[in-house]
Amino acid sequence: MYSRPVPRGPLRRVAVTGSTHGNEMSGVSLVQHWRRAPEELQRPSFSALPVLANPRAAAACRRYVDLDLNRAFISTFLTARPQPDDPYEVTRARELNQLLGPKASSQAFDFVLDLHNTTANMGACFICNNADNVFTMHLCRYLQLQNPETLSHVYLYQKPEEESYSVDSLGRNGMGLELGPQPQGVLRADLFTQMRTLVAQTLDFIELFNKGTTFPAFEMEAYRALDHVDFPRTEAGELAGAVHPRLQDRDFEALRPGEPIFQMFSGEDVLYRGPGTVYPVFINEAAYYEKGIAFISAEKLRFPVPALPAPAPAP
């Protein structure tokens with residue numbers, strides 16, 4: 001399972017990115033704050049660079065200008081010859097690849113933490129492309145142990161043979177931090193504070209690792225994406241129903257065959273007809289209406305994570 005080697009040496013180049021989606025205000029506001037007060041991100045063994053990933057979208061308080069930046073970090077965009085009519089986010093993805101990458105190279109930043117909000121009832125969610133990175137799995141576990149009173153989950157979005165496409169995939173290690181529910185274009189003080197704390201704890205974990213801490217093996221629980229489920233629609237493609245009240249706000253809870261998932265405008269219920277239990281995530285996410293996604297079905301996994309050894313001393 002673990003195809004990525006653990007870091008051999010201390011992590012020296014760390015980035016914290018916000019505004020990948022310009023209307024997700026916790027990350028936007030925190031990065032703007034850290035650009036004015038970067039000392040908050042500093043640690044004795046490294047410093048972290050705050051990056052406004054999509055400044056045009058942030059200025060307009062929009063998710064994106066031309067296309068979703070968090071889907072733009074694929075080889076098709078990053079390696080193509082630039083054209084005058086390229087979408088803004090494609091051009092910006094190439095700029096970020098030069099700043100934080102190049103992707104999949106030894107010159108890339110050691111760690112990239114990308115900050116997000118969701119309108120779904122996801123709580124604190126640690127988003128990883130897959131489970132093959134021992135370092136990131138230990139980071140997720142550390143954050144869960146540091147916040148026992150807070151319900152948090154690990155979500156694995158990448159499907160087999162699918163290329164990673166998120167901002168944090170530019171780094172040699174990385175993770176997305178998703179907090180919700182929070183409306184688009186709105187800043188909630190409680191989620192702002194929670195995100196600020198989780199970022200600080202992430203940097204503390206990297207500092208502990210750099211200083212020679214060894215982290216023991218453990219068993220991880222995570223949720224891996226399976227399928228996208230669209231809303232019921234008319235022949236013209238218009239909505240014909242909404243997320244059922246019994247499903248709404250139940251992210252990461254079990255959904256069993258025969259339980260309702262949609263309530264049609266005509267009054268009847270649509271039941272889940274899958275072959276077994278799944279765990280919906282991003283339920284009724286506002287940004288996913290344009291993508292034709294009412295929720296994403298996921299499976300629950302449990303798997304062993306080996307110990308994370310201390311890095312070799314820096315020369």
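Note that Cβ sites are derived from N, Cα and C of the backbone, with glycine treated the same way.
Annotated in TrEMBL:
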type: ACT_SITE; residues: Glu178; note: active site, proton donor/acceptor
type: BINDING; residues: His21, Glu24, His116; note: Zn(2+) binding site
type: DOMAIN; residues: 11-206; note: domain 'Succinylglutamate desuccinylase/Aspartoacylase catalytic'
type: DOMAIN; residues: 219-300; note: domain 'AstE/AspA barrel-sandwich hybrid'
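Of the recorded residues, His116 (Zn(2+) binding site) and Glu178 (active site, proton donor/acceptor) place their C-alpha atoms 5 Å from one another. Counting residue by residue with DSSP, the domain 'AstE/AspA barrel-sandwich hybrid' (219-300) contains 3 helix, 35 strand, 44 coil. If you take the C-beta of Glu24 (Zn(2+) binding site) and look for same-chain residues 6 or more apart in sequence within under 8 angstroms, you find Gly18, Arg63, Leu115, His116, Asn117, Thr118, Gln182, Gln184.
Residue environment of Glu178 (active site, proton donor/acceptor) contains 25 other Cβ atoms, counted within 10 Å of its Cβ in all protein chains.
His21 (Zn(2+) binding site) sits 12 Å from the residue listed as 'active site, proton donor/acceptor', counting Cα to Cα. For the recorded Zn(2+) site, residues His21, Glu24, His116 set the reference point as the centre of their Cβ atoms, and the other residues of that chain within 8 Å of it by Cβ are Gly18, Ser19, Thr20, Gly22, Asn23, Gly27, Arg63, Asn70, Leu115, Asn117, Thr118, Glu178. Around His21 (Zn(2+) binding site), taking its Cβ as the centre, 26 other Cβ atoms fall within 10 Å, counting all chains. The local packing around His116 (Zn(2+) binding site), expressed as other Cβ atoms within 10 Å of its Cβ over all shown chains, amounts to 26. Residues belonging to the domain 'Succinylglutamate desuccinylase/Aspartoacylase catalytic' (11-206) score a mean pLDDT of 96 in the model.
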